[in-house]
Amino acid sequence: MEWENHTILVEFFLKGLSGHPRLELLFFVLIFIMYVVILLGNGTLILISILDPHLHTPMYFFLGNLSFLDICYTTTSIPSTLVSFLSERKTISLSGCAVQMFLGLAMGTTECVLLGMMAFDRYVAICNPLRYPIIMSKDAYVPMAAGSWIIGAVNSAVQSVFVVQLPFCRNNIINHFTCEILAVMKLACADISDNEFIMLVATTLFILTPLLLIIVSYTLIIVSIFKISSSEGRSKASSTCSAHLTVVIIFYGTILFMYMKPKSKETLNSDDLDATDKIISMFYGVMTPMMNPLIYSLRNKDVKEAVKHLLNRRFFSK
């Protein structure tokens, strides 16, 4: 009987929007368009940060990493989600679910840390402009970006390994679009208090600590901006931070609402799962990567000029 109750699962069923075929078709079209915008927008930012010598600075190096990160993050989930919208059998193998869970968590953690690094870069640029070339030299900002990726990979590997080792019962229905780690963890028929503790520690270290760094950095930046006597100087200083601050508010506002809101095991796996959670999850997974290049391009003259230069060069080369 114990063996029957602890069946070895080989696949999971992603419920998503099952039972709403019209909504699935609508979401397929919308998400496909958004994914194309994500690839084009973030791909353009990566190209200009590499090809334009004027953008070979720490700020745009971090921005290029952020754009590449957004492409990787969405590619781990959107294609499979689109396929599931058109497929009657919405299943994913255990190994495929583990890979998707690892990549999604790794990219999310990396983005949190990277946004903290970018805030520190803006702090040094505005509050210590004379020492900026020394503090944010290539020997500093390249390891900072690499460290963000390493932290994301290590954190995700540790959490994913602990989750896949859990015993799963017959219930293999994930009431989500993707293999989100918390939704998968709640399917286990074992005590998950250790996993929850590890997740709490990871959340504190890799989500809240970068957020604290961002808050401290921007508090000092605001104080420095108010000390600038000329209105032109204040405007120039604030414009260099407005795009990053907007991205931070959208990213952290969404992620904190998703993961800080208490959820019970019954709520995560019930048929009447709060639709707001799914909408916010979709917003976090698609809208944020799509908006990042738009925000940076609309609020940054250097990016606009670099895009124009790239387009003109391609046009005249033909």
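Cβ coordinates are placed from backbone N, Cα and C, and glycine is handled just like the others.
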Do Swiss-Prot's topology records have Asp121 and Gly233 sharing one side of the membrane?
-> yes
Counting only other Cβ atoms and using a 10 Å cut-off, which of the disulfide-bonded residues Cys97, Cys189 scores lowest?
-> Cys189
Considering only Cβ pairs under 8 Å, which range in 26-46, 100-120, 140-160 makes the most contacts with the transmembrane segment (55-75)?
-> 100-120
Over the topological domain 'Cytoplasmic' (299-318), work out the mean pLDDT and round it to an integer.
-> 69
Answer with yes or no whether the transmembrane segment (100-120) touches the transmembrane segment (238-258) by the criterion of at least three Cβ pairs under 8 A, sequence separation 6 or more.
-> yes
Reduced to three DSSP states, the topological domain 'Extracellular' (161-197) has 14 helix, 4 strand, 19 coil
